[in-house]
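Peer 1: Sharing a structure here in structure tokens format.
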């Protein structure tokens, strides 16, 4: 699929145009210069033709970080098919903008000069100030007023290939669940998890090495890596194929202490949570060179909150196996709610042991999406209740009639009971442990939901 890249200095409106063309808010927009530090990607349709739209980091030489962004942006432009170079129509053209535009023009790719913030008839006169760029294709637009964007879209469509009709999957396995169960009482096989992309969110506090880990996983310098805390603001998307499986990685914004979350980063935190709602497996990155913090524990709680498959990644590891065992014990003690999560040590910058993450992701995804046979499930539950009967409720017998899995990703199991409100959390934990002993459930949560006979899923009781 062809790639279209948006290039320009910070705060000229690239992210706003990106959101306008994508018809949804993907990139974070702000009046703060340089909000987009990493490249964002989205598949869009322009006049019936599909392409990948790339929102690059702002070009600015005012700091070392933005020099890195500039180098990455220019490299990304060379691998694109169409370039949209964006400038601020309310500012005077400068030599640097012209120099970069000339440099990009040498690539012999279709390139348009997009003059943003032409918000009125008076502003239209400013377009003439950019004549010395020598652009054959100039468009005065106002993203905020949505003027001129249609003309730009028509030009863009002329330089895109015809939309390719992708053959539909031969099965109908991508429909929604059919009433959750089939006639035999088993969970319906309506979703083909084997062919779906595995969505992986990389989470952790600022500067623990999330971007370095993403770069190591996809074997290229993708996210901007810097010692400046909080470099990644936009969640960074990367689609990568490994051993026949497609992985969608998202490097989420680093999370700071609550008191330090301000403005744009608060929005980034909200975006992070929204992304985790759509994630299958979370890579919780910890900095092994520093002591565990309360914030680490809070972030781990986010993964638990969204009931994701989880791998705990100890980054910057250069210690002995004995020290690894000690730290694992500390993590298990601090993160009791993630006791099911495997722990792996890596050095993202050096690429050490990073390759071991892929098979772990695949294993956990398989566990996360598995369907447990109802007969086997009830066999385990029956043996567990026989070995350790449920406590009575004020002398009254508490029974589990049967259990059935009604959802995958995460695994949700309904316990059909006579007194669902009387199931103590400690007995839930006991049943969960028994299920883990009997089935492959490494790295994934198990949600047990006690329900009264005839109770609907909407009335489920946590």
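Glycine is treated like the rest: Cβ placed from N, Cα and C.
From Swiss-Prot, here are the annotated features:
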type	residues	note
DOMAIN	2-164	domain 'EngA-type G 1'
BINDING	8-15, 55-59, 116-119	GTP 1 binding site
DOMAIN	198-369	domain 'EngA-type G 2'
BINDING	204-211, 251-255, 315-318	GTP 2 binding site
DOMAIN	370-454	domain 'KH-like'
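Show me how these features fit into the shown structure, please.
Peer 2: Counting only same-chain residues six or more apart in sequence, the Cβ atoms lying under 8 angstroms from the Cβ of residue 118 (GTP 1 binding site) belong to 89, 124, 126, 127, 140, 141, 142, 147, 148. For the recorded site, residue 118 (GTP 1 binding site), the DSSP three-state label reads coil.
In this model, the domain 'EngA-type G 2' (198-369) carries an average pLDDT of 80.
When other Cβ atoms within 10 Å of the Cβ of residue 204 (GTP 2 binding site) are tallied across all protein chains shown, the result is 25. In this structure, residue 204 (GTP 2 binding site) belongs to neither helix nor strand by DSSP; it is coil.
When the domain 'KH-like' (370-454) is classified with DSSP, helix, strand and coil residues number 31 helix, 24 strand, 30 coil.
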Peer 1: For residue 56 (GTP 1 binding site), identify the closest of the binding-site residues 204, 207, 210, 252, 317, judging by Cα separation.
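Peer 2: Ranked by Cα distance from residue 56 (GTP 1 binding site), first place goes to 252.
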Peer 1: Taking the Cβ of residue 11 (GTP 1 binding site) as centre, how many other Cβ atoms lie within 10 Å?
Peer 2: 19
Peer 1: When the Cα of residue 8 (GTP 1 binding site) is compared with the Cα of each of the binding-site residues 207, 210, 252, 317, which one is closest?
Peer 2: 252
